[in-house]
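Below you'll find the structure, written out as structure tokens, and then a few comments.
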């Protein structure tokens, strides 16, 4: 990213200047009142007029001002504004009237915004967010407030706007005109392109604001605790292009502001935070349906040459949306729900209210060209983003330290949405490997962090969008639902959403509502604080002290126990409120609590029982270690026990740092061989069987099964020689990877690369990209690394994915050694 652009009130010579349009009215008047004014997007304010207070004002940064003194009457919150990343609550925005005109040919955009604000007290300045925008004009209506030159803190993106006169407690309308660039990257308001059916690159304008990039599109109060309504107007090219935003279109005006352009005004939104606003100008096409139970208009948009890939997203999206209405017992509050595939997108998807944006790989599906993993990915992302329409949009975190409240919940609820549409996928069982085990590996390190943590700088906000917020958040909610009971948990969540709808909430608000509904009178807040306010998780050590007695104690689990001395302190001393569950050989399930105050708990059992299996179903966020003789009993059960994952996961993690672990390779091959022979390479069976086949083939090839590697190479060589050879989508990543690694030639790599460049299906491009990262020659890999830096070859959004793929190739170590 380039350095921050200086702010100025001078119109750039090459910028868009709407005031010079010959089609604009010559004059406009404003009628101020106590409620502020509504800025009509069709009226071009202050045409060719200078600001009567500051005709041409430069906005310096704080660092440029060495002699700033405190102004009389300045309130305490604002005195240290440059030291505080949070906006004070003395000024509250309640409506944005926003007009944006993107010019796709120049890569610039012009905008103006009227922000209706309420001042709670008298003051002589206020703060708002602004970044990478050139401000042309700043005015205040309702009271005719005159301004001093504003100041910018480039470290926090805050603008301190001082006034000449005292602003009395009142309602005002703040009006700004500004220019910006569509080509600064893929956040804010930006330009994306796609290749159409004729091979031509077609530009679109789109947006992505979470967490802190709305300020790059328009001046605003860019924090989640400020909810406002929006009236949005967009300019689009008249031919073929459409304009989309959170709400349906209210009216269109052709040839505004000039011939060949159309102004599109959207209906006023419900109250929402700035990062949920969305603006798109594109030439995409859509398919539409109405949800079966609740009649919401549902559309899915894609580039015209990708339209045939949107039916699955439309079907599952409409179905899951209905399911969430019934699950939460709260209606979807908007009149429409759009989903759209964006060619350049930094995230998997973004839950803009009423207009969800996706990477193409996360929305588009074609059963002839997409794998079962692709389909499941699409289902998961759609279910996740639709869950956000309630958890995150209807009720929003008050500040980013509670990010998990948005992301952990959506990550948990998405499994319910998928299961509703695809009950045959057994998706809840897949939670263990996709969410639980992966995050426990991360959370077992001293570099982890609590789910809830302080955010002291804007840069830290993006850093907490990680597995801890998403996967650990979903894992502890799964545990919570299990010990509360499914229905009580659902009712508590529903009451929480209803109580705080169109408002903000914090984690403690959720605990309060769940405590109220708990028939067991569980102290939910006390329990869950030990899981959300300290990092890591416990290891339950089980010992059989008598034939009829087990003893369980807890300690922190660390992947490297020797690092414990380097760990930070915890407010709970790394002790947890643990819902211990166990099942015996008679399939009887029981539960008790192990609290931080207890050194251990003892469990009496009939002496005739040979074993207890703790953490049945792996609902608890903890690991278990057993006496040696009981591990031996579990080994006998591995062939038949459905909960084998819990045992093998614990074994693998407990042995990882011991001498026994190298034997794991031989053990894996012994396990996979029977399944490899049974499943083979024929892509057939159910969704689960296909996923299972890919897992077995991947393990077999990874650990050196000669037959597996030989078949992968054979299919790859045939495909290299003849492009039309059909490889089932489920097998392609495997064939490209191990075929390329076995072949090793630059000629084959180059064929793979040419097919990557010519492919328009994003999912297939990703598979080809994966194969490109697996040559055996360090020179070829280094050449690929250099090509990855060329945005005309590999999209910027795919650069870090490419690095991840390259890093997985073991010869990258040779490459690094040569670079020394």
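Cβ coordinates are placed from backbone N, Cα and C, and glycine is handled just like the others.
A TrEMBL annotation is a machine prediction, not a hand-curated record.
Binding of Zn(2+) is attributed by TrEMBL to 384, 388, and the same site annotation extends, among 369, 407, to 407. Separating the Cα atoms of residue 388 (Zn(2+) binding site) and residue 470 (site 'Transition state stabilizer') is a whole-number distance of 13 Å.
Summary of the Zn(2+) site environment: with the site residues 384, 388, 407 set aside, the chain residues having Cβ atoms within 8 Å of the Cβ mean position are 351, 385, 387, 391, 392, 406, 409, 410, 411, 414, 470. Look at residue 384 (Zn(2+) binding site): DSSP puts it in a helix. Cα distances from residue 470 (site 'Transition state stabilizer') to the recorded positions 384, 385, 407 are smallest for 407. The least crowded of the recorded positions 385, 407, judged by other CB atoms within 10 A of its own CB, is 407. When the neighbouring Cβ atoms lying within 10 Å are counted for each of the binding-site residues (384, 388), the highest count belongs to 384. Packing around residue 470 (site 'Transition state stabilizer') is summarised by its Cβ count: 21 other Cβ atoms lie within 10 angstroms of its Cβ, all protein chains included.
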